[in-house]
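Trainee: Before anything else, here's the structure in question.
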Amino acid sequence: MPEHPASSRLRLSGLCFLLQILNILLFAVFVRYSPERSPGQCPPQLNCSQRSQESGFQQPRFQDVHIQVLLSFGLLVAFLSRYGPGSVAISILIIAFAIQWAVLIQGFLNFFLNGKIYVGAQSMVSAEFCTAAVLISTGAVLGRVNPVQMLLLALLEVTLCTLNEYILLSLMGVSDSGRSLTVHTFGAYFGLMVSRVLYQPHKDKRKREERQDTGHQTDIFAAVGTIYLWIFWPSFTSATSVHDNARNWAVLNTYFSLVASTVATFILSPVLYEESTPRMVQIQDATLAGMAMMGMAGEMLVTPFGALIAGFLVGLISQLGFRFFTPVLHSRLKIQDMCGVHNIHGLPGVLGALLGTLLTLLATADTYGDRLELVFPLVAQGTRTVTDQAFIQLSALPLTLLLAVLGGCLTG
């Protein structure tokens, strides 16, 4: 029997109430503001080097990241005429809950001292990254899970995403400032595995038709989302680059990659489809793919022409993926990828990780100069060789895929 609408509404209301009360209680017991503004008061046990990093995370950068997550990802799911408005509303709900939960979970692992979590701008930016991974995952299951299930997905994924990030960045020392692995790859394959577990054969054909059901109004949503991507995503990619030198590399490489990926869409789309120019949704997808490609490699020595080549290739691969590989996901692997997150985030994230591994082999004092310590501090200190760092960068990819796949199956 179908669930009564009143029962569904009350269930969502009750779950939101319980989760918010839980967050309030946990914040009251554990969360305090970081003492980075008062250097003399910084406890000796706390890593006070965070204070110097915090000074780089002023409100403008957090604001850029927050606008990027809220508007760009919110409008990204608005192109489906049937699910657009409701999906934007649910995206806002997911963001509101996931940020709170991520601050807590990440705080216990990264900012916990003497029974308290010390939060600052850096912890908020990290929470935004984790929230972005959740929003990527929801794109794979859009229209097939209700808001209550979305909240439960966010609850579990934030926990697992934080664990993956802690293992890679803190324990292994992986360089992934733009989050090719911890956001794009993890979020995409986590969502795809949830979609696989929830596969419903009788709805497969109808869902694919709804995926193609776009019109003038939805193209406007995609256009606005694309503009925000172009404006704010370079800040998103470079948000964890503390020093200006490394940050400038990340920003410029991201821009070069996204422009080349966009041009690639205009080259390939008229060949693959009967339209003379790509739809705004396709341009938005290409923009995301180009920037996901630069997540790990952005602050490395890509060079401008290298960023153009990488963006151009991933733009072509993303379009080919939509045309040829997405049908295989449906027919052979039984995965209903409603928003194409595999071609927009998953595959570009994997390729970005491989590019970052290749560029790590070039991480020498001769090529990087004094920037080596900013990107690969352990290599600069002599505690790790370039080959070791490259192996660790590469091993982070299967580890992320493993955690994403297992976590997605469990959540599904």
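The backbone N, Cα and C atoms fix where each Cβ goes, and this holds for glycine too.
Please treat TrEMBL annotations as automatic predictions, because they have not gone through curation.
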Trainee: If I go by TrEMBL, the feature transmembrane segment sits on one of 65-81, 252-268. Which?
Mentor: 65-81
Trainee: How about the transmembrane segment (88-113) and the transmembrane segment (150-169): at least 3 CB pairs under 8 Å, pairs 6 or more apart in sequence, or not?
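Mentor: Taking Cβ pairs at least 6 residues apart, the transmembrane segment (150-169) and the transmembrane segment (88-113) are in contact, with 3 or more under 8 Å.
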Trainee: Could you name the stretch, out of 125-143, 150-169, 181-199, 346-365, 390-410, with the greatest number of CB pairs under 8 A to the transmembrane segment (12-31)?
Mentor: 150-169
Trainee: Is the transmembrane segment (346-365) in contact with the transmembrane segment (125-143), using three or more Cβ pairs under 8 angstroms as the rule and ignoring pairs under 6 apart in sequence?
Mentor: no
Trainee: Which bits of the chain, at least 6 residues beyond where the transmembrane segment (181-199) starts or stops, bring a Cβ under 8 A of a Cβ in it?
Mentor: 129-130, 132-141, 144-145, 153, 157, 160-161, 164-165, 168-169, 174, 292, 295-296, 329, 333-338, 341-342, 344-346, 348-350, 352-353, 396-397, 400-401, 403-405, 407-409, 411-412
